[in-house]
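> Quick one: this structure, given as structure tokens, is what I'll be asking you about.
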Amino acid sequence: MLLLLLLLLLLPPLVLRVAASRCLHDETQKSVSLLRPPFSQLPSKSRSSSLTLPSSRDPQPLRIQSCYLGDHISDGAWDPEGEGMRGGSRALAAVREATQRIQAVLAVQGPLLLSRDPAQYCHAVWGDPDSPNYHRCSLLNPGYKGESCLGAKIPDTHLRGYALWPEQGPPQLVQPDGPGVQNTDFLLYVRVAHTSKCHQETVSLCCPGWSTAAQSQLTAALTSWAQRRGFVMLPRLCLKLLGSSNLPTLASQSIRITGPSVIAYAACCQLDSEDRPLAGTIVYCAQHLTSPSLSHSDIVMATLHELLHALGFSGQLFKKWRDCPSGFSVRENCSTRQLVTRQDEWGQLLLTTPAVSLSLAKHLGVSGASLGVPLEEEEGLLSSHWEARLLQGSLMTATFDGAQRTRLDPITLAAFKDSGWYQVNHSAAEELLWGQGSGPEFGLVTTCGTGSSDFFCTGSGLGCHYLHLDKGSCSSDPMLEGCRMYKPLANGSECWKKENGFPAGVDNPHGEIYHPQSRCFFANLTSQLLPGDKPRHPSLTPHLKEAELMGRCYLHQCTGRGAYKVQVEGSPWVPCLPGKVIQIPGYYGLLFCPRGRLCQTNEDINAVTSPPVSLSTPDPLFQLSLELAGPPGHSLGKEQQEGLAEAVLEALASKGGTGRCYFHGPSITTSLVFTVHMWKSPGCQGPSVATLHKALTLTLQKKPLEVYHGGANFTTQPSKLLVTSDHNPSMTHLRLSMGLCLMLLILVGVMGTTAYQKRATLPVRPSASYHSPELHSTRVPVRGIREV
């Protein structure tokens, strides 16, 4: 037990939070009995009308009616007061927005009245085949309490009636037909509850050399630890023994823990006579609706995912899809599709319908049609999700990673066209960037680690998620089956969130900017060289390796489709050529411009900031030089010089009582002359650079700077204490103008005096030559810094 406690104490610093939610649709749908309109249990005069067939080639938008009943008939009764009421309103708002999006995409026609389940209300039926009421209800179930759909009680007003039949003759009506729900094609029941599925997640550990009992004990302890903190463990966690010690160490740099695990789940409950879904229920996990970590957009996208399951994107419903060769408006020609899914020679389950296969081929840039779209490997032969390796970012993959990174993609909409129940407005599709134009080999386990596609990565470094909205870590998960990609982190690494920026006064040597129009770029920019670093230039780095760069957040601005420019803190806008590396004025290092990732959609291009975003007005620029004196005969190598420069910089920042955001590009010569450029970075809190410059001058004149480095003491020389260069452009221009005016006045005066002397005296000797005073400009070039 001590071992477990030690492990749990070591665990928190290594946690890498990943904001992801998984879908439980397959196991949920299996628990629900699908009802179709049965042979009527009522006389013909009392029967409800069946679904009206479309009479037009222009079907109307799908009419979805949501019904929030607030019942408590299932496990996990939920208190609707206080936080619960707020969670319920969030759920209903998400349902309204999600159904509005669907209504603009899918279209059918017809009224709606739901069926009752004879197995629920009827205890026995007539079994004599010769009886006129054969298989009709002969004995009612005394415990019948009505119909429900995934725990939501269906009102009698939404249901057909039922009757008790004698062996011969007319029935005794028990419950007449309800009025039904007018102008509705699909009924969605909404529940908010605490259920067992909301907490359903398991941990499996791989601990080589450990007994099964020890692994089970550790699993239970880790699960308990995670759940007490509101997290749920992902299914796989590997530990290994370190030498002969009994204390396990982590096999990788992090343990992935997610929270929340399940936002919502849904199922279809009833079908019409052509197997089209008529009703379903979505259950929201109450504890997550009040979580600040989930935005309204997140809940809407999670709702949309579950709603599409209930409308037919389900392994349980694929076999019921219809083939309508004459088009949607002639339903009498429709039949059940003979082949919707199949397994290939490697056992991969594929959805093989025509529109889906063509849509995938178009997405990958393959001519003709693909052999089908891979479905996620799940328990059994049924799967209700796209394979994550191939369609990462699609709304219908098995894990949800936030609204910002999820798309209602063309391939998913093509699936609904193939269902035969709906017509699809393809203009509502959102572009899926993952794998676009990558060819038929993309997304295979055998190719994802070969470096053939930059959508995947190798190793475990930090970089950028493929949408470039977030920084990410190169990692895998069970859905990727060994393939690795830059997965977003949840520790304030979203570049588009301004609140993730650096606090006031904190040094920002890489010049990062967090802003709604910021994106993640692979870069190694720095405003100051650390000991051992060397400035890199494109000419010296013809093949820039991914390992040399990290994900950094910088401002971007679209200038056209696929064209953009970038801005680093304190720099001007710089054109970013896709597929190239660029340098940024004022910074050492390089920035890589991704190709085919940014400014690809009309939405991106329309988001151009006009006028360009201005973060702050640049402060004046100064150059500060100090001549140091060291021990007699003491010499420094190159690395020692760089170390001393860094030590002097730290001492200066300490002396000025400010952060390093005022000091840039420190250097030192072999003759021990230290030089640093002074300018105030945007976001840097404190006095103006001119005030700091003056204060440092006065302070160092009173008390020389002392630095201890490499076993030796260095001090500034009193006689050569400070040499400054003012780089304020306006002041420089003013001084130049005044100097020129003074020179002209002197020249005019000299010429006038000479002329007067010539006229007043005889030219007995040449006039004395006049040497005008030389004007020394105070402008000193600042390498790597643009003068403004």
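Easy rule for this one: first residue shown is 1, then count along the chain.
Positions of Cβ are set from backbone N, Cα and C atoms, glycine also.
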> Can you find which of HIS288, HIS363, HIS385 Swiss-Prot lists as binding Zn(2+) at the same site as HIS305, HIS309?
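Within the candidate list, Swiss-Prot flags HIS385.
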> What does DSSP say about ASN425 (N-linked glycosylation site): helix, strand or coil?
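For ASN425 (N-linked glycosylation site) - judged by DSSP and reduced to three states - the answer is coil.
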> Take the C-alpha atoms of ASN713 (N-linked glycosylation site) and ASN524 (N-linked glycosylation site) and report the distance between them in angstrom, rounded.
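Rounded to a whole number, the Cα-Cα distance is 33 Å.
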> Going by C-alpha distance, which of the recorded positions GLU306, ASN333, ASN425, ASN491 is nearest to ASN524 (N-linked glycosylation site)?
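Going through GLU306, ASN333, ASN425, ASN491 one by one, the closest to ASN524 (N-linked glycosylation site) is ASN491.
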> Using a 10 Å cut-off on Cβ-Cβ distances across all protein chains shown, tell me which of the glycosylation sites (ASN333, ASN425, ASN491, ASN524, ASN713) has the largest neighbour count.
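Per the Cβ count, the most surrounded site is ASN524.
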> Cα-Cα, whole number of Å: ASN491 (N-linked glycosylation site) versus GLU306 (active site)?
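For ASN491 (N-linked glycosylation site) versus GLU306 (active site), the Cα atoms are 27 Å apart.
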> Express the predicted model's confidence over the topological domain 'Extracellular' (21-735) as a mean pLDDT, rounded to an integer.
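Here the mean pLDDT over the topological domain 'Extracellular' (21-735) amounts to 78.
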> Does GLU306 (active site) have same-chain partners at least 6 apart in sequence with Cβ under 8 Å from its own Cβ, and which are they?
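Long-range Cβ contacts: CYS23, HIS25, ALA264, TYR265, ALA266, ILE282.
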